[in-house]
Every structure is written in C-alpha cells, then in structure tokens.
Amino acid sequence: MLLKTVLLLALASQVLVLENGLLRKPPMGWLAWERFRCNIDCSEDPKNCISEQLFMEMADRLAQDGWRDLGYVYLNIDDCWIGGRDAKGNLVPDRKRFPHGIAFLADYAHSLGLKLGIYEDLGNFTCMGYPGTTLDKVVQDAQTFAEWKVDMLKLDGCYSTPQERAEGYPKMAAALNATGRPIAFSCSWPAYEGGLPPKVNYTLLADICNLWRNFDDIQDSWRSVLSVLDWFVTHQDVLQPIAGPGHWNDPDMLLIGNFGLSFEQAQAQMALWTVLAAPLFMSTDLRTISAQNMDILQNPLMIKINQDPLGIQGRRILKEKSHIEVYLRPLASEASAIVFFSRRMDMPYHYHSSLARLNFSSSVVYEAQDVYTGDIISGLQDKTNFTVIINPSGVVMWYLYPIRKLEIPQQ
C-alpha cells in the first residue's frame with residue numbers, strides 16, 4: 001500500500017511539472033486547415049496550395065491588416081507540410097513547397113511580431129498520410145520543432161491506439177518542456193476517446209496540454225456549427241469547470257469569411273465561441289476577406305470578452321420553448337457577457353426577459369453595451385423588463401457591467 005502511494009505521488013509530481021505557463025488567455029490566430037485543407041497542387045493552384053508562399057502571404061496580412069495588433073498572433077501550419085525524414089530520422093518539409101524550410105518561416109513570422117504553429121500526428125502517419133510521430137520519435141521531433149523556433153504544436157491522433165495516446169501525449173508534453181523553448185501544446189487526444197470521462201481524464205489533460213480538441217472537425221456549414229455547439233452544451237457540466245488560464249476546450253476553427261455561413265450565422269459563431277472562452281483560430285483567406293467579415297472578427301469588445309483574464313468558460317443558462325437560448329459568461333470586474341441566440345428559421349423574434357430571470361443581483365444597477373451595434377442600455381435592474389430582437393440563426397450579445405450598488409433597507 002505504501003509503495004502504491006509513493007508511486008502515485010511520483011506520477012502526480014511528474015505530471016504537475018509539465019505545466020508550461022503558456023496561453024493564460026485563449027490563443028488567437030490563423031490556421032490553414034478548414035479553408036485550404038491538403039491542397040498540394042502548386043502547379044494548378046499556386047496561390048492556394050499548402051506552401052511557404054501561402055503562409056508568408058497570410059503572415060503579411062496578419063501583420064498589416066490589424067489582426068496582429070488585436071491579438072491574432074499565431075500563424076499555424078496544419079497537415080501536408082512534411083516531405084519525409086532525413087538520414088538521421090529528422091522531419092523535413094516538402095522541399096518544393098517549402099524551399100527555405102520551417103525555421104525560415106518561423107523567423108519570418110517572428111520578424112512580423114507573430115508566432116508560428118506546426119502540426120504533427122501521434123502515430124505512423126498523419127491524418128492525410130504523411131510521416132507521423134511514433135513513440136520512439138517523440139523526443140527527436142520535439143527537439144526539431146524547438147530548433148526551428150516553433151511556438152505551438154498541434155498533435156493529432158490518427159493511426160494511433162488508445163495505449164499509444166495514453167503514453168505519447170504526456171511524453172510529448174514533457175519532451176517539449178525539456179527543450180527549454182516555450183512551445184504551446186494543442187492536443188487532439190480527447191477527440192479520439194469520445195471526449196468524455198471516464199475515457200478522458202480532463203485533470204490530466206489540463207496539466208499537460210494548453211488546449212485540446214474534444215469533438216468532430218468543424219466543416220464549412222451552419223449544421224456543423226450547431227453540431228459542435230450542441231455537443232458542448234450537452235456536456236457543459238463536464239467541460240466548463242476544466243477550462244481556464246493555460247488549458248482551454250477547443251471547439252475548432254472559426255468559419256467566418258468562407259462559404260457556409262450567412263452574416264447572421266457568422267456573428268453567431270463569433271459570439272458563441274467567445275462566450276465559450278474558445279481559442280479564436282480563423283481559417284479563411286485573409287487576402288480576400290470581406291470588410292463585413294473583418295468587422296465581425298476584429299470587433300474590439302468581442303476580443304476583450306474572449307480574452308478576459310478570469311478565463312471562465314460560459315454556459316447555456318436558459319433554453320426557451322420559443323427556440324431562444326441564453327448563454328452567460330462571468331467576466332472580470334463583476335461584468336458578464338450574455339448571448340441571446342435564436343435557433344428559429346422564420347423571422348426576427350422579440351424576446352422579452354429581465355435580469356431577475358437570469359439570476360442577477362437585486363442590489364445592483366447595470367449597464368449593457370450591445371457588442372455588435374455599440375448601443376448602450378442604461379439603468380438595468382433585476383426587475384427591469386427588456387426586449388431584444390434576434391434575427392433567425394442570429395444573436396444579440398451584451399457586455400453587462402455594474403454601475404452602482406443600491407442601498408437595501410434594513411429589515
């Protein structure tokens with residue numbers, strides 16, 4: 001019994017030292033996958049293939065079009081960059097598409113005030129069939145990424161067994177930390193185990209990973225957004241408590257600026273991902289994105305809410321028969337983010353409510369700012385009736401903050 005206790009304590013101490021101190025707020029940036037997938041035909045489609053040129057052009061846009069200054073600093077490579085391994089077993093990029101190498105791209109990103117993320121897979125192959133990181137290559141690959149001055153690693157889980165994942169993800173976390181370079185760690189481990197306990201140990205994940213994918217890949221459609229949202233809401237009692245500074249649930253990329261969402265739905269995804277304290281990884285063509293979609297993604301108040309220092313993940317607190325849902329995220333300085341979300345598909349809906357219905361204090365007077373319109377609603381008390389008009393598959397989002405406390409008469 002004593003030996004068992006000592007072993008458990010030793011394992012616990014080993015896990016705790018993997019904490020790397022990174023990503024105290026949800027990471028923000030750009031990720032190639034959803035928009036550009038595994039397009040490797042640079043002869044047919046040179047502007048959109050997975051290549052050095054694509055990432056340099058996206059880096060330029062991040063730096064020059066205001067994204068970096070708002071916090072979108074990660075430039076993340078996904079699958080299909082690998083050319084193979086050299087004679088020493090080190091990973092090398094595809095030399096035609098990445099002629100100057102990954103270290104060159106990292107230096108380029110850093111010169112613009114950005115960070116570079118890279119992708120690998122714990123298994124024999126990546127999801128698209130490129131060389132993966134087997135257990136015997138974990139330490140070697142971590143060292144390679146550090147030598148390239150990479151700032152984030154996304155480690156996928158295709159072609160691996162549950163046993164390999166249970167060994168490999170903690171091993172990679174330790175290997176990254178051992179390099180001495182601060183490399184944020186994005187894990188896909190829980191997504192391959194069904195996303196829920198008992199197969200997923202979220203306490204362990206929070207110690208070894210900075211963010212993790214729990215559910216299916218998002219696709220460029222409203223149906224896919226709702227599928228992800230529904231899974232997160234259904235399991236919010238499990239997922240919400242484990243998220244926080246340095247360890248985030250990741251519902252996957254933002255689709256805004258692509259082809260599958262209406263304007264209202266784009267606003268809705270941005271608001272809902274923000275209230276979930278989600279990483280904000282765009283995956284769109286920043287060279288051609290519309291001004292309307294830029295406005296959604298570059299909304300300063302939205303970003304302030306997403307980056308709130310408390311790092312509390314929000315929850316759905318009401319589901320009405322009218323197909324209106326209300327989400328709440330507690331923020332610093334006793335503020336809150338509230339999202340009124342319509343699943344209706346017919347016409348704008350007049351939703352009537354009060355702060356009392358949302359369990360706000362009766363001793364405080366609040367003010368709300370509409371996150372998208374900027375309108376201010378003053379003098380809100382718990383019993384103040386209000387109406388918000390929500391478009392089909394759209395949202396109204398409030399940033400609610402106290403302006404004064406009321407004197408409550410002594411009984």
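The backbone N, Cα and C atoms fix where each Cβ goes, and this holds for glycine too.
For Asp156 (active site, nucleophile), the same-chain residues 6+ apart in sequence whose C-beta sits under 8 angstroms from its C-beta are Asp79, Tyr119, Glu120, Asp121, Leu122, Gly123, Thr126, Cys127, Ser188. Swiss-Prot lists Asp156 with the feature active site, nucleophile.
Per Swiss-Prot, the feature active site, proton donor maps to Asp217; the stated evidence is similarity to another entry. Under a cutoff of 8 A between CB atoms, and with a sequence separation of 6+ in the same chain, the neighbours of Asp217 (active site, proton donor) are Asp252.
Look at Swiss-Prot and you will find Asp78, Asp79, Lys154, Ser188, Arg213, Asp217 tagged as substrate binding site, backed by similarity to another entry. Mapped onto three states, the DSSP output places Lys154 (substrate binding site) in strand. The Cβ of Lys154 (substrate binding site) has 24 other Cβ atoms within 10 Å, all protein chains considered.
The local packing around Cys38 (disulfide bond), expressed as other Cβ atoms within 10 Å of its Cβ over all shown chains, amounts to 18. Look at Cys38 (disulfide bond): DSSP puts it in coil. Residues or ranges marked as disulfide bond in Swiss-Prot: Cys38-Cys80 (among others).
Positions annotated as disulfide bond by Swiss-Prot: Cys42-Cys49 (among others). Just so you know, the Cβ of Cys42 (disulfide bond) picks up 18 other Cβ atoms within 10 Å once every protein chain is counted.
The feature disulfide bond is assigned by Swiss-Prot to Cys127-Cys158 (among others). DSSP assigns Cys127 (disulfide bond) to coil in the three-state reduction, outside any helix or strand. Cβ contacts within 10 Å of Cys127 (disulfide bond), excluding its own Cβ and spanning all protein chains shown: 20.
The annotation disulfide bond is assigned in Swiss-Prot to Cys187-Cys209 (among others). Counting every protein chain shown, the Cβ of Cys209 (disulfide bond) has 29 other Cβ atoms within 10 Å.
Within the same chain, residues at least six positions away from Asn124 (N-linked glycosylation site) with a Cβ under 8 Å of its Cβ are Gly132, Thr134, Tyr159. The N-linked glycosylation site annotation in Swiss-Prot covers Asn124 (among others).
What Swiss-Prot records for Asn177 (among others) is N-linked glycosylation site, and it gives sequence analysis as the kind of evidence. Annotation note: Asn177 (N-linked glycosylation site) sits in a helical segment as assigned by DSSP.
Per Swiss-Prot, the feature N-linked glycosylation site maps to Asn201 (among others); the stated evidence is sequence analysis. Under a cutoff of 8 A between CB atoms, and with a sequence separation of 6+ in the same chain, Asn201 (N-linked glycosylation site) has no neighbours.
Taken from Swiss-Prot, the feature N-linked glycosylation site applies to Asn359 (among others), supported by sequence analysis. Asn359 (N-linked glycosylation site) falls outside any helix or strand according to DSSP and counts as coil. Long-range Cβ contacts of Asn359 (N-linked glycosylation site) within its own chain (separation 6+, distance under 8 Å): Ile317.
Look at Asn385 (N-linked glycosylation site): DSSP puts it in a strand. The N-linked glycosylation site annotation in Swiss-Prot covers Asn385 (among others).
The phosphoserine annotation in Swiss-Prot covers Ser322. In the shown protein chains, 14 other C-beta atoms lie within 10 A of the C-beta of Ser322 (phosphoserine).
Per Swiss-Prot, the feature signal peptide maps to 1-17.
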Residue pair Cys49 (disulfide bond), Asp78 (substrate binding site) - Cα distance, angstrom, rounded:
12
Sparsest Cβ surroundings (other CB atoms within 10 Å) among the recorded positions Asn177, Ser188, Asn385:
Asn385
Neighbourhood of Cys158 (disulfide bond), C-beta criterion under 8 angstroms, separation at least six:
Asp121, Gly123, Phe125, Thr126, Cys127, Gly132
Using a 10 Å radius around each Cβ and all protein chains in view, which of these disulfide-bonded residues has the most neighbours: Cys49, Cys80?
Cys80
Tell me which of the recorded positions Cys38, Cys80, Asn177, Cys187, Ser322 ends up closest to Lys154 (substrate binding site) in space, Cα to Cα.
Cys187
Relative to the Cα of Asp78 (substrate binding site), which of the recorded positions Cys42, Cys187, Asn385 has the closest Cα?
Cys187
I want the residues beyond Asp78, Asp79, Lys154, Ser188, Arg213, Asp217 whose C-beta is within 8 angstroms of the mean position of the substrate site's C-beta atoms, in chain order.
Trp33, Tyr119, Cys127, Asp156, Ser186
